[in-house]
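Taken verbatim from TrEMBL:
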type: TRANSMEM; residues: 12-30; note: transmembrane segment
type: TRANSMEM; residues: 42-67; note: transmembrane segment
type: TRANSMEM; residues: 88-112; note: transmembrane segment
type: TRANSMEM; residues: 151-173; note: transmembrane segment
type: TRANSMEM; residues: 185-209; note: transmembrane segment
type: TRANSMEM; residues: 221-247; note: transmembrane segment
type: TRANSMEM; residues: 259-279; note: transmembrane segment
type: TRANSMEM; residues: 299-322; note: transmembrane segment
type: TRANSMEM; residues: 342-366; note: transmembrane segment
type: TRANSMEM; residues: 386-405; note: transmembrane segment
type: TRANSMEM; residues: 417-443; note: transmembrane segment
Amino acid sequence: MAKHAHSQWSSRMGFVLAATGSAVGLGNIWKFPYMVGQSGGAAFVLVYLACIAFIGVPILVAEWMIGRRGQKNPINTMAQVARDNGHSTNWAVVGAIGVLAAFLILSFYSVIGGWALAYMRDAATGAFIGLDKAAIGGAFEGFLARPAELLTWHSIFMLLTVVVVALGVSAGLERGTKLMMPALGVILLVLVGYAMTTGSFGQGLAYLFNPDWSKLDGKVLLAALGHAFFTLSLGMGIMMAYGSYLGQEVNLLRAARTVVIMDTVFALCAGMAIFPIVFANGLDPAAGPGLVFVTLPLAFGHMGGGLVIGALFFLLLTFAALTSSISLLEPVVELIEERTPLGRVAATLIAGITIWALGIAALLSFNVWSDVKLLGMNIFDLLDYATSKFMLPLAGLGAIVFAAWKLDQQGVKAELGLGDATFGLWTLLSRYVAPVGVLFVFWSNL
Ligand code: PFF
Ligand code: NA
């Protein structure tokens, strides 16, 4: 009895850790702040939070529910669950979009993971000590201008991801999450504390939370929606794949609450650490993907203990990125394993090398290929746009429409343990609010 209870606990714990490990990553610390800055601040933040609560949570739960029923990779899961419920197996396309998106995202995610590695070395060797904003900004620009160096770090990060997935030691990494994630949280809090000493903390808070609604347009809506998907690892079949390992005893709503709160707290703390530094130093909030790599080194270069704190911060950021990148590689590898005679190691190598090669195109768009444009975007921007602003919302829409309109809703009510009133709320959110929200944002961009 006791043993049974313990194994349930550890399986739920393992599941929540894996899902949180996938969710919390570069999306929170690197991408969220620079998107806030590019979108003009609080209006984006509030729409983003609404997208998380009213669209992200229902879709997260829907993906887990579908995954738990299907017990396969996202493509076969969608086909299987559709067939079981008397629907067309064409629903498999939802899973297919997701796996393709995971493939594309990992290519540039690994490039940024490489930046974190490079900055870990710089922080540890004291490279930021005493530098002013011009020197730190210049160092970052210089770094971007050296493709060979970017390639080295991208390759190391991708190699780490491949080794973990090929050896199948993700479970060990997830256990590490239990230690590393709180540690990253503590360092972020230290940085928020430092931000309070800059004299611009109030300005940073106002920028994050006091909306100027004139900043809101279709583009900002789409950016907020897309980032809600990216940050929660939705629309990629990843949460669906995790759902397939899930026992019936796990309470999905409670698990969703944990994952979403963790993810949101990390993002907001990153924002509260970064924007006061931006304003105190007269930096440009709309600087783009380099924002965190300029602001935080500035802090590390000037705060007491900055050398250790900076090195530890980038180490833990790399770790968080790694628990996300393995979750991006897994579904691709599983698919290759299932559809070809290749074993796990060979499948991981093939997937890893292909994604690595695409990542080279992404990193070259910061330097020698910066003028290579498709649809007005360089390759990095195009990869980001096609996935976050198109494929993820589309696949997420498919998942929620399927779960809310194509599954037996009494079964869903029982599975989620809902009473009549909460079931009414769930129905409202999953059938109407979430799908209409996604469609509205798409429509406002036409
Ligand atoms: N959610 C991760 C982050 O915010 O960094 C990124 C990510 C991981 C996106 C896994 C998608 C994914 F499938
Ligand atoms: Na995230």
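Glycine residues also receive a Cβ, built from the backbone N, Cα and C atoms like all the rest.
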When counting Cβ pairs under 8 Å to the transmembrane segment (88-112), the leader among 151-173, 185-209, 221-247, 417-443: 221-247
Whether the transmembrane segment (151-173) meets the transmembrane segment (221-247): three or more C-beta pairs under 8 angstroms: no
Top Cβ-contact partner of the transmembrane segment (12-30) among 185-209, 299-322, 386-405 (pairs under 8 Å): 299-322
Cβ contacts the transmembrane segment (185-209)/the transmembrane segment (417-443), at least three under 8 Å, sequence gap 6 or more: no
Intrachain residues whose Cβ lies under 8 Å of the transmembrane segment (386-405), provided they are six or more past its termini: 55, 58-59, 62-63, 65-66, 78, 81-82, 87, 91, 93-95, 97-98, 100-101, 104-105, 222-223, 225-227, 229-230, 234-237, 240, 412, 427, 430-431, 434-435, 438-439, 441-442
